[in-house]
Structures are given as structure tokens and as C-alpha cells.
Amino acid sequence: MGSQEVLGQAARLASSGLLLQVLFRVITFVLNAFILRFLSKEIVGVVNVRLTLLYSTTTFLAREAFRRACLSGSTQRDWSQTLNLLWLTVPLGVFWSLFLGWVWLQLLEVPDPDVVPYYGTGVVLFGLSAVVELLGEPFWVLAQAHMFVKLKVIAESLSVILRSILTAFLVLWLPLWGLYIFSLAQLFYTSVLVLCYVIYFTKLLSSPESTKQHTLPVSRITDLLPSFTRNRDFVNWKEAKLTWSFFKQSFLKQILTEGERYVMTFLNVLNFGDQGVYDIVNNLGSLVARLIFQPIEESFYIFFAKVLEREKDATLQRQEDFAVAAMVLESLLKLALLAGLTITVFGFAYSQLALDIYGGAMLSSGSGPVLLRTYCLYVLLLAINGVTECFTFAAMSKEEVDRYNFTMLALSSSFLVLSYLLTRWCGSVGFILANCFNMGIRITQSLCFIYRYYQESPHRPLAGLHLSPVLLGAFALSGGITGVSEVFLCCDQGWPARLAHITVGAICLGLTLGTAFLTEAKLIHFLRTHFGVSKVADKMT
């Protein structure tokens, strides 16, 4: 498969994922806004910080390294060994679930049962839901490796929507159930997610025409189960060693990703109510990152991993693939920079209005607007880091990955210390400032790697981080106009003034995007060429 074909598949995966996630996220956004009006800040804090941290830590530590290792390289491999390796995530998940569950029950502060009932049951069921989700890991990796465009997005979005519907129903009719509601909904979510993958592959493998069309390495659903053969090793040891390297890295990355929740959980710098408000704002602020940046990062990590050979020096790569990778990286950096700047500039003037619409006075008063404005700056860094690390992790050799682990260790330590100090100094905003600092360091590390990687070639993908002065001026002017509009029109003067404020923002946004369209012709050509043609192949799954 040539680099252009792989690029086309990655673009289809990203664009299809983007459109479907926007549709499903709008539905869950409305459902969550409804649910928030029936909950206390304390329950939101325990569920969204304490219990969700247990679930995410278990799944991340059990599978992240396996995903990165098994998605690297060609699809032409001994898939039985790869699948055997992936099934090891289940016993690893059981271990982490039991160990972390004990920590959550025995070592951490237990919420007041009168305010947050059934905490122990919540810990058990959230840990169990993590193990259930790991049962679908072999299916997930096989689908990603063969770029099944819609399966992942539909399965995850459908599961999220059904979970939100179940949660809304239970909150409305059985509010005294407390954490039972969210624990059962989480277990239901992971069960539906795994069933979607199992049902899809069962139907696909029962159709001979579909099997030939997708050239899958398995012919029966039982081929996805662990298998033992005397003639070969149980796993591919090269993949296993790479998994270990990524595991050391992923452990540190998890601290960076969820660091503020660890600080809140283990150091008690915020009460459960403040944790709840912070997490709601954090989720709302990261919504665009999950909708836009995550599908692009996941899809183009696969692209870079396929067209670049990990253990080869840049000068030994196939020059056609090498050039295509540089062109794609430059365009993605430009896209991430423009999207991040747009969110930062316009998010500053519309944070309070967004919080008021989403959660009412509980969010729009107090520290909520300041948190969301600060988070908009973090989204800019998040966008750039997603692209740079997606390339870096795909192109690094095993030795370079190991060396990078030491940098991640230093970042993890500094992040925890900085989070604690900044939170003591300026409250929950300190978490976001600490994230910004560490994200800046991670971006710098990745940019240095990319610069060295292309140093001996005529390609300069880092040019994607340069914007024309005209476009920068348009962003600055829009930020000033919308800032003045917020002062005079938002947010306590009624809906006519709010609508006027929204209209001002829409006009400024249109003019800014129009300027980008005129000044960034190379990026527009890339988007039209590789994302605009994706509709033809949306039939793939």
C-alpha cells in the first residue's frame, strides 16, 4: 500500500470520525446539560474525578502501551501473535483494578455517605467496567490497523449516548440511588462498547465477500481468541519489547494527562464541590479537543507509523514516503495552530455565556469563567502537542522512546510539584497553568526531534507553525472586538443582548476564517485534496 493510499485512508478516518463525533457529541451535550441540573457539586466531583480517575487509570495502564506497539508497522504480520499479546491486557487490567480499587477504598478520603451515598459500590463497579472494556481490545486494534472508518466512532458514540440516556432516566426517577446510578451506567457503557465490536466482526467474518474486500488476517471470530502453537512463540517478542518501552512511557504520560486529578485525589487541595466544578469546566473546555484533535491524532499516528520505518534513519527512508510525511506534518501543524488560535481568541469572550447556557449559575458564577478562559489557552497547546507527538512517537526508534521516558519522568515530577504549588497559590486555575507549562515543554521536545529528523533533507515541516501577519492581525482584531462586546452585552442583560453578542462573534469568526482561506492556500489545498474526497470511501464500515 503506497503512502498516498495510506494518507487517503487516514484522512477518511479522521474526517468521518470528526463528523460523526460532532453529531453524537451534540446529543450527549444536551443530555449532560439536563443531568447537571439535578445533581449536587459533590456527587459530580466524586463521579467525574475520583471514580473516573480509577477507571481511566486502570484502562490506560493496561492497554495504552499495547495499542501503540501493535499499531506500529505493517498490517502484514503474524496477527495471531499480535492478538495473543493484546489479550494480556485483560489479566493486567484485573491486577490494576484490584490494586487501585484497594487504594481507593482503604487509603483515600471516603466521602460523607449522607452527601454521596454508595461510594464502595461505585469503586467496585467502575473497576469492573474497566476490565469489561479491555475484553474488546483485540477487536479495537484490528479495526484501527485496517482503518475501518466508522466502526470506532459509532461504537463509542452510541455507547456514550446510551449511557447518558440511562443516567438521565435514573437521575430523574431514582435520585436516591446516588452513585448506583453512575456505576450502573458506566458498566452499561463498556458492555455496549464491547458488544458493538463483537457483533460487527461476527457479521463481517460471516460474509465471504466482506472478508475478501477487507483482506482481514482472520477468517473466523474464534481466530481473535488467544491461540497456542508449538511451532512459534506465543507473542512477537519485538512487539513485546516495544510494548514494555511504551508502558514505561505511558505510565508517565498518564500522570501528565490526569495529573490534576491525582493531585486533587491524593493531596485534597480542593473539596469535592470545587472538584466537581473544575471537572465540568475541564470537560467542556476539552470538548473541541476530543471532537477535532483526537480523531486527527489517532488517524495520522497510524499514517505516520505505516509510511515511516521506525528503526531506519531519516536518510534511509523511502524518499517518496519521507516527502509525503513532511507535507502532511506541515499541513497538520498549520491546521492545529489555526484551530487552537480560533478557540483561544473567541473562547475568551464567550466562556461565561457558554457556562451559563450549559450548567446555569452553578458554573457561570464564581471561578467557572476564569477556568474556562484559561483552558482555552491550554487547548491551543494541546492542539499543537497532539500533532507533534503523533509524528514523534511514530518515527522514534525503540532507543529514542526509552530516552524520551527520562524526559517524561522529569516532566511528571515537575508537573505534580507545580500543580500543588500553583493550586495553593491561585486555586483550581493552578491546575491549568501547570498543564500549560508541561505541555509547552513536551511541544519543545517534539519540535526538537522533528527538526533533527528533517535537518539533512530539503523538507521543512515546521514551517506549518508560521502564520501570515495579515491573519495574525485578523485574530487580534477579532479578540479585541469580541472582548468589548462581552463587556457591554453579556451576560446579565437578557437574551436580546446575548444574541447580539453571539452575532458579533459570528461576524468576527466569519471574517477571520475568510482571511485564513485567502492567506493559507496550501492548507486549503491539502484539506480539499485529502479530506474533501473522503465521502466516496465512507462505505468501508
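The count begins at 1 with the first shown residue.
Note that Cβ sites are derived from N, Cα and C of the backbone, with glycine treated the same way.
Please treat TrEMBL annotations as automatic predictions, because they have not gone through curation.
What you are looking at is a predicted structure, and each value in this text was computed from that prediction instead of being measured.
The following features are taken from TrEMBL:
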TRANSMEM  18-37  transmembrane segment
TRANSMEM  43-62  transmembrane segment
TRANSMEM  83-105  transmembrane segment
TRANSMEM  117-141  transmembrane segment
TRANSMEM  153-174  transmembrane segment
TRANSMEM  180-202  transmembrane segment
TRANSMEM  322-350  transmembrane segment
TRANSMEM  370-394  transmembrane segment
TRANSMEM  406-423  transmembrane segment
TRANSMEM  429-451  transmembrane segment
TRANSMEM  463-484  transmembrane segment
TRANSMEM  499-518  transmembrane segment
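Two recorded stretches are said to be in contact when at least 3 C-beta pairs lie under 8 angstroms, sequence spacing 6 or more; the transmembrane segment (463-484) and the transmembrane segment (43-62) fall short of this definition. The transmembrane segment (180-202) shares the most Cβ pairs under 8 Å with 153-174, out of the stretches 43-62, 153-174, 322-350, 429-451, 499-518. By number of Cβ pairs under 8 Å, the transmembrane segment (406-423) is matched best by 429-451 from the list 43-62, 153-174, 322-350, 429-451. Across 43-62, 117-141, 429-451, 499-518, the stretch most heavily in contact with the transmembrane segment (322-350), judged by Cβ pairs under 8 Å, is 499-518.
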